[in-house]
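Below is one structure, written out as structure tokens; comments come after it.
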Amino acid sequence: MGRSRSRSSSRSKHTKSSKHNKKRSRSRSRSRDKERVRKRSKSRESKRNRRRESRSRSRSTNAAASRRERERASSPPDRIDIFGRTVSKRSSLDEKQKREEEEKKAEFERQRKIRQQEIEEKLIEEETARRVEELVAKRVEEELEKRKDEIEREVLRRVEEAKRIMEKQLLEELERQRQAELAAQKAREEEERAKREELERILEENNRKIAEAQAKLAEEQLRIVEEQRKIHEERMKLEQERQRQQKEEQKIILGKGKSRPKLSFSLKTQD
């Protein structure tokens, strides 16, 4: 019992440490992604600010130039101060330049305040987004931790389902291969049977032709034997006839037998 408990505790510690390492790596990757997003947003914001500043400068410069033109067109050549003295054009130009510089300073300060406010708003927005993202990540981790067993069961179920599907597909593939092999074997057997039948037919035809040739040869041999017998009989008959004639001739020559003719002699008288 003690050994099993120690083994289970070591397994659980190893599992917890591996899960902790996985969580730490996920949090590090998320922090790196956040830092990259923050840097990109800052660079985009700085570009927007520079464009805004350039537009505002050009706008203020154009406005100052237009004001100077209007003042030149509307201002009289000389002015009189409160004491009735004529004010020279030089002093009026100095006042205009001073007023324009003050307006430029005021515009620059206003633009600076606007930029400062935009930067502060952007920082607040980024901090809010960061906190929201951290809160969402924390909630997601908590939810994943709560649903860990359910997720593991779902993963195991999907793995088992995929395994069953793969086993089924493998069995179907093996069955298709077996059927294909059976069909190929059947086709080979059918082809061999057809070849065997063709060979048997050819052999039968050859045997029939050989039998016919042998029968014709036997008939021809019988005919030759019969002709030879007839010739022999004819020879025998001729030989017997020749012998008979020879005997007859011998009998005639030797005078044997009744068949010898009588000789008659007669004398004729002369008148």
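Backbone N, Cα and C atoms are what each Cβ position is placed from, and that goes for glycine too.
Among the residue ranges 155-159, 170-174, 180-184, the one that Swiss-Prot annotates as motif 'LXXLL motif 1' is 170-174. As annotated in Swiss-Prot, motif 'LXXLL motif 2' covers the listed stretch 199-203 rather than the other ranges in 134-138, 199-203. For the compositional bias 'Basic and acidic residues' (236-251), the DSSP counts in helix, strand and coil order read 16 helix, 0 strand, 0 coil.
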